[in-house]
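Participant: Just dropping this structure here.
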């Protein structure tokens, strides 16, 4: 095992100790993609930054989620001998209840799993209804409709996929009975849970809740004000749904009275959608081949399309590796984070921000041009991550910012598409777990924007995942790869990731984050923090967020020194300080003082999560 992961409570690298302490205080003429960060960037509002977090340690197993009640449900399953996917299912059920704005059984998920022998991925991404057309989000004048007009109501609802994906993963990798995995969520739904500060803030910030009678009755007081922090919420309707799912499996949602109510809500809304019973009953989760690429001494595995996250993270890492190979002065390892007086206590070196942001510009340009559902679109996946291609892309990086990058011409292009210029506002969650037998999972799960479509069915919310498609189906006579098509999965930025020792194949880490199109930035930052800078997981997560989505260079508001900002401007960067509300979770395999395998975990200080283990 590599020393970069020898980060236990017994033996931390010198820098990791410092960092943890600080956290306490048309090929040749392809059109370019426009800046993204001028568009709405906050799928969920910022709700603070916790400065009291330390890496958690365990010797047997560990689970981490964006809410401590969910993390505890995961740990409970692990204590009973459950597998990593058992823990993930229990955490997802609880998140449906306690973090409804971000994910739930009315949404979708992408899962990357290590069973001790092989990496498996499960695609529970929502699909477009059979009645959907590529003009779904166009107004009568042919222009794309405003986002909220598209989001709120039945028009935006795709066929939910998370339960089918969890079912498929459990059939192959579960150890505990399916019904047991829903016990913590049922108990909480019946007995009640306290509204957290973050949930309260998101309720208070959402003007559309009061327009939904079901949501208003649940989240608001009689006078229309948001229920206070600490108010006990009970959800007997959702408890009953979970009991049916526990007994009948996912069929309880995809068939019968729950399915009928879903369709009635979607089709009966003033902004109706076309989701039908046939869509629900015909949905299938898919097991796909993982996307694994080499990065220096490690192997990094993520999701293939329709996720763009796996490809983009692989491109960013591969481009940086190629750059370092050609120009050793651009090596990342020496560019360790620096102490600051800001809340995080540390910030990345200016040169590191420059290099990573430039690599991200290139990846985001390709993402907008090429990536979509490979069941519908010929995506040049191998070409996009080809080392020779990435070496050519790395040659575009120099001492000054390139500004807006143009998409490249990777090997394997079969069709020329127009770029997708749509914003992403995904409201998402992340769970990770490692079990007693060394199995691991990273699952990113979502209802898309905060509170999804705002359609509530028996205590849970339906997604608005259709808005992840391009609103504009074509440009200048060229189709957009990510346009709406019946049965198609919309492109995602979700990037659940597993990391391995490339020499012996040993599992090293599970990581992932929510955050819309910024997910790629967050996962790349945390991965580089773990691997290149030898940070412990909490320090890697707490490190201020930064990057570029092929627009301005984005820096997490209030976390960067004036010296760093000026250094970037001197290199030609257009700097934009914004809220960057990640929700990263990570668990790393380490060694204790006796050389035995142990676990170290971290949770994002920007949300309410915890890493819990034994």
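Cβ coordinates are placed from backbone N, Cα and C, and glycine is handled just like the others.
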Participant: Quick check: of 79, 120, 125, which does TrEMBL put in the same L-glutamate site as 468, 492, 493, 516?
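Facilitator: The one candidate that TrEMBL places in that L-glutamate site: 125.
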Participant: If you count the other Cβ atoms within 10 Å of each Cβ, which of the recorded positions 428, 492 comes out on top?
Facilitator: 492
Participant: Across the listed L-glutamate-binding residues, 125, 468, 492, 493, 516, what is the farthest Cα to Cα distance, given in whole Å?
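Facilitator: Spelled out: the longest distance between any two Cα atoms in 125, 468, 492, 493, 516 is 14 Å.
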Participant: Fill in the CA-CA distance, residue 493 (L-glutamate binding site) to residue 428 (active site, nucleophile), as an integer in Å.
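Facilitator: Given the Cα positions, residue 493 (L-glutamate binding site) is 11 Å from residue 428 (active site, nucleophile).
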Participant: Can you give me the Cα-Cα distance between residue 468 (L-glutamate binding site) and residue 428 (active site, nucleophile) in Å, rounded to a whole number?
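Facilitator: Rounded to the nearest whole number, the Cα-Cα distance is 13 Å.
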Participant: Within 10 Å of the Cβ of residue 468 (L-glutamate binding site), how many other Cβ atoms can be counted across all chains shown?
Facilitator: 29
Participant: Once the DSSP letters are reduced so that anything not helix or strand counts as coil, what is residue 516 (L-glutamate binding site)?
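Facilitator: The residue in question, residue 516 (L-glutamate binding site), is helix (DSSP, three-state).
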